[in-house]
Amino acid sequence: MSKLRVAVLGVKGRIGSEAVRAVEAAEDMELVAALGRGDKLETLADTGAQVAVELTTPASVMGNLDFCVRHGIHAVVGTTGWTDDRLAQLKGWLAQSPETGVLIAPNFSIGAVLTMKFAQLAAPYFESVEVVELHHPNKVDAPSGTATRTAQLIAEARRKAGSAPQPDATVTALDGARGANVDGVPVHAVRLRGLLAHQEVLLGAEGETLTVRHDSLHHSSFMPGILLGARRVVTTPGLTFGLEHFLDLN
């Protein structure tokens, strides 16, 4: 069986360099390109890459994906900063290349994906739910893509269940004291030296609380999800948002 030809974009970052090692160690994959800032995207086509693992920046990701889709190269994307407009533009590109697949994953940690799923399942059974994400101080976006996605899934589950609005008697507050409001779910961001990537979902009802927490202690925790994404995206055309769709959780 021929090996899957994989390229990594963003190799100078911590997750990118870890992804290079993970692909090199995978028996069913061959690392054909490792690109950093300033390297030519044409290398992807020249080396016959089948999948590009995109781990760059919000400023670079759209240009990188435009190139990949135009050349029929599947993509596994961990870069954040996705808006409705950007997703619509990407879907437009994919419509012109219907056999190409793109996976965008707010988080590649299997445990983090399961945390989102557990929170989604539990949310309709509790009156109150809030999300707290905790990361290292070098993270450039807040709240994290994982926390935003978690809140969206929670809100969707509560809407489908017909849940009442969350109780909150706050009348006056300092700006930001109640966190960001994501579809009616408060999301709080902590930036602290010594942390990597952590999230907890706090759920409350009369007389009880439930906390669902996940901790990534090393960048290696993201590698099984990245490799899974690379293997599955080649047979999943179009746009897939969220690694949970490749985990058969339903």
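Counting starts with 1 at the first residue shown.
In case you wondered, yes, glycine gets a Cβ from its N, Cα and C as well.
A strand conformation is recorded for His135 (active site, proton donor/acceptor) in the three-state DSSP classification. Among the features that Swiss-Prot reports, active site, proton donor/acceptor is placed at His135, with the record citing sequence analysis.
Note: Lys139 (active site, proton donor) has non-local neighbours Arg191, i.e. same-chain residues 6+ apart with C-beta under 8 A of its own C-beta. Residues annotated as active site, proton donor in Swiss-Prot, with sequence analysis given as evidence: Lys139.
Of all Cβ atoms in the protein chains displayed, 14 besides its own lie within 10 Å of the Cβ of Lys12 (NAD(+) binding site). The NAD(+) binding site annotation in Swiss-Prot covers Gly10, Val11, Lys12, Gly13, Arg14, Ile15, Gly78, Thr79, Thr80, Ala105, Pro106, Asn107, Phe108.
The (S)-2,3,4,5-tetrahydrodipicolinate binding site annotation in Swiss-Prot covers His136, Gly145, Thr146 and rests on sequence analysis. Over all protein chains present, the Cβ of Gly145 ((S)-2,3,4,5-tetrahydrodipicolinate binding site) has 18 other Cβ atoms lying within 10 Å.
Thr146 ((S)-2,3,4,5-tetrahydrodipicolinate binding site) sits 5 Å from Pro106 (NAD(+) binding site), taking the CA atoms of both as reference points. For the recorded site, Arg14 (NAD(+) binding site), the DSSP three-state label reads helix. In this structure, the binding-site residues under consideration are Gly10, Thr80, Pro106, Phe108, His136, and the one with the smallest number of other Cβ atoms within 10 Å of its Cβ is His136.
Counted over every protein chain shown, other Cβ atoms within 10 Å are most numerous around His135 among the recorded positions Arg14, His135.
Packing around Thr146 ((S)-2,3,4,5-tetrahydrodipicolinate binding site) is summarised by its Cβ count: 25 other Cβ atoms lie within 10 angstroms of its Cβ, all protein chains included. With a cut-off of 8 Å between CB atoms and residues at least 6 apart in sequence, the same chain places Ile15, Val53, Glu54, Leu55, Ala105, Phe108, Phe222, Ile226 near Gly78 (NAD(+) binding site), listed in sequence order.
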